[in-house]
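The active site, charge relay system annotation in TrEMBL covers LYS12, THR57, HIS250. Residues or ranges marked as O2 binding site in TrEMBL: THR57, ASN248. The 5-hydroxyisourate binding site feature in TrEMBL is assigned to THR57, PHE157, ARG174, GLN222, ASN248. Per TrEMBL, urate binding site is recorded for THR57, ASP58, PHE157, ARG174, GLN222, ASN248.
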Amino acid sequence: MPTILGQNQYGKAENRVVKITRDGATHHIKDLNVSVALSGDMEEVHYSGSNANVLPTDTTKNTVFAFAKEHGIESAEQFGIHLARHFVTSQEPIRRARIRVEEYAWERIEVSGEAEHSFVRKGQETRLTQVTYDGDTWEVVSGLKDLTVLNTTDSEFWGYVKDTYTTLKEAYDRILATSVSARWRFNWTTDEQSMPDWETSYEQVKRHMLQAFAETYSLSLQQTLYQMGARVVEHLGEIDEIRFSLPNSHHFLVDLEPFGLKNDTADGAVYFAADRPYGLIEGTVLRDGCEARIPVDLTNL
Ligand SMILES: O=c1[nH]c(=O)c2[nH]c(=O)[nH]c2[nH]1
């Protein structure tokens, strides 16, 4: 049965590019998911396997990261236009380029004023609660998930154990990012007159967590976790226990040396935001003398 090739396109999808710009102590962030789809004279690669017209998808990925460094990211549209023009005008067989961009919006964490290098992702987190009553005693465990935060600096990781399998380079200025999942247990159990103000309490827990994240100079995500928990328990008398599950959302500096581009943290850099695997840092912070009752696995709550 004779067949012919119909519409076809190819390219690297979902390049997670994060560009930090440093304006003195004030940092700016652009966080994009960029997908490239190219089409043109691509019959031969499909019919005979000749790659003579094929610009590798790997190259399209490198171009995205290199352009972010070389030209910056003014807007998703400007970045898309620049890339599309490049592919179509630089490669004769490529007749059409479609660049799709998703942009994730970040806002500055409020500390005393707006933080210079600490951000929370726009869009609401999910608020959670679990109430249990046995006719006598109440247990209220509340929480949140998908509260995504990022520090563009004030994070290091070094001095760790090194064995035969350790390849990780020590980091003295890295991005620290996580999506906070937390559960906290109220010590209110019986007296309905002295119930906490749940709405106020929620806002305060969130504020203390965000401020602790922003203000901790972090030597590990574990240290940041403890600071966030301690801040909540110390400030809010109604909470005895808080547990966190914090994925370490790795941002890797992209090696742009092959394209003659210096990509240094110190003057604002381009990062590859990896989605998996990720470090997963979990732990409970307790008021001294209180019992731990929040389950280890937060998915069970
Ligand atoms: O903050 C961190 N804690 C770790 O335990 C760890 N492990 C790792 O590879 N990177 C990091 N970062």
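Cβ atoms here come from the backbone N, Cα and C positions, even for glycine.
Between the alpha carbons (Cα) of GLN222 (5-hydroxyisourate binding site) and ASN248 (O2 binding site) lies a span of roughly 10 Å.
Selection of the recorded positions LYS12, THR57, ASP58, ARG174, HIS250 by a Cβ distance under 6 Å from ligand 1 yields an empty set.
A simple way to gauge crowding: the CB of HIS250 (active site, charge relay system) has 18 other CB atoms within 10 angstroms, across all the protein chains here. Note: ASN248 (O2 binding site) has non-local neighbours LEU176, ALA177, THR178, LEU221, TYR278, GLY279, LEU280, ILE281, i.e. same-chain residues 6+ apart with C-beta under 8 A of its own C-beta.
Secondary structure at PHE157 (5-hydroxyisourate binding site), as computed by DSSP, is strand. Of all the recorded positions given, namely LYS12, PHE157, ARG174, HIS250, those whose Cα is no farther than the 10 Å limit from the Cα of THR57 (active site, charge relay system) are LYS12.
Under 8 Å, Cβ to Cβ, and six or more positions away along its own chain, LYS12 (active site, charge relay system) finds SER35, VAL36, THR57, ASP58, THR60, LYS61, VAL64. Summarising the urate site geometry, the residues cited as binding it (THR57, ASP58, PHE157, ARG174, GLN222, ASN248) extend over a maximum Cα to Cα distance of 37 Å. Note: PHE157 (5-hydroxyisourate binding site) has non-local neighbours GLU170, ALA171, ARG174, LEU219, SER220, i.e. same-chain residues 6+ apart with C-beta under 8 A of its own C-beta.
Every protein chain shown contributes to the tally, and the Cβ of THR57 (active site, charge relay system) ends up with 15 other Cβ atoms within 10 Å.
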